[in-house]
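Feature annotations, courtesy of TrEMBL:
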COILED    21-90  coiled coil
COMPBIAS  219-230  compositional bias 'Low complexity'
COMPBIAS  231-241  compositional bias 'Gly residues'
DOMAIN    95-156  domain 'Peptidoglycan hydrolase PcsB coiled-coil'
DOMAIN    283-376  domain 'M23ase beta-sheet core'
REGION    169-200  region 'Disordered'
REGION    213-269  region 'Disordered'
SIGNAL    1-25  signal peptide
Ligand SMILES: [Zn+2]
């Protein structure tokens, strides 16, 4: 009895595998969609980061170039400063020597000046001397002006160079600001990528575990099917786990189950043709109760609703586990219970309908024992 109970629990489990695997498949699809979305996001973030990195590289190149421009400019300024100093020295020397000459002329008085003139041996010489003296002062004046002009010109050039240098340094400062900004953008992009990566890792783990779970369930389903076909063939798998086959219906039931649809007439019995292999290999796996749509369907025994669902073959259906056996109610127009709920014998659990593969309103009622549908009459 204990063994039978265990077996029927397994059987009921097997019945639910189809939809459970389906749910897992949907979960898996969702997770895979999520993973591919995350991968797209990550690729986009990576592309943005690459683009930022390329911009940063250009900024750094520009900074290198600006830095070398600044160095060149500062060399030019240094050279210009030397040139200016030289020009200022020239100017100063000229000024000093001019002053000396003028001072000399004054100190030696007009006497010297006159003497020079008077020592002239000719008028021409005198004129020449007079002119010479005048020329000297004019020469000094011109030289001084010339040196002053040079100093001013060099000063202007130096000022221009300093102006250019200032612009380069401003450019460098702005490039440095851009660099800082770009680095912080890249940093935040990296953080985004790393967070997407870890999210992706979690989803991939979920995918792996869903796949493993689906494989495990598929294996269990195969094992359950193999065991079911083994028992219907009359041979147990060896090792002493003998399952007592349910005897074929010979008239009269155990009364374990109550009529699930008393308002109906029986339109089709279990089987439909002789089955040489025993119970599991018949072509009609249940008993049909023809009744008008909306007629009540009652729980054939107390138990717990282990599944409520819909599929194209069964229509709306309810599976109730009773421990030693399970009952299945198909083609319902409405279901009045939900999965996990406990029901008592005779409780109205659904209404007759014609949903799924059905040609008219009826209840298709199945009783499962040891992973196999059996003739419900054995238990009614
Ligand atoms: Zn049927």
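Using the three backbone atoms N, Cα and C, a Cβ is placed for every residue, glycine included.
TrEMBL annotations: computationally assigned, not manually curated.
The helix, strand and coil residue counts that DSSP assigns across the region 'Disordered' (169-200) are 32 helix, 0 strand, 0 coil. With a threshold of 8 Å between CB atoms, the same-chain residues lying at least 6 positions outside the region 'Disordered' (169-200) that come near it are 35, 38-39, 41-42, 45-46, 48-49, 52-53, 55-56, 59-60, 62-63, 66-67, 70. Shown for the compositional bias 'Low complexity' (219-230): DSSP residue counts in helix, strand and coil, namely 12 helix, 0 strand, 0 coil.
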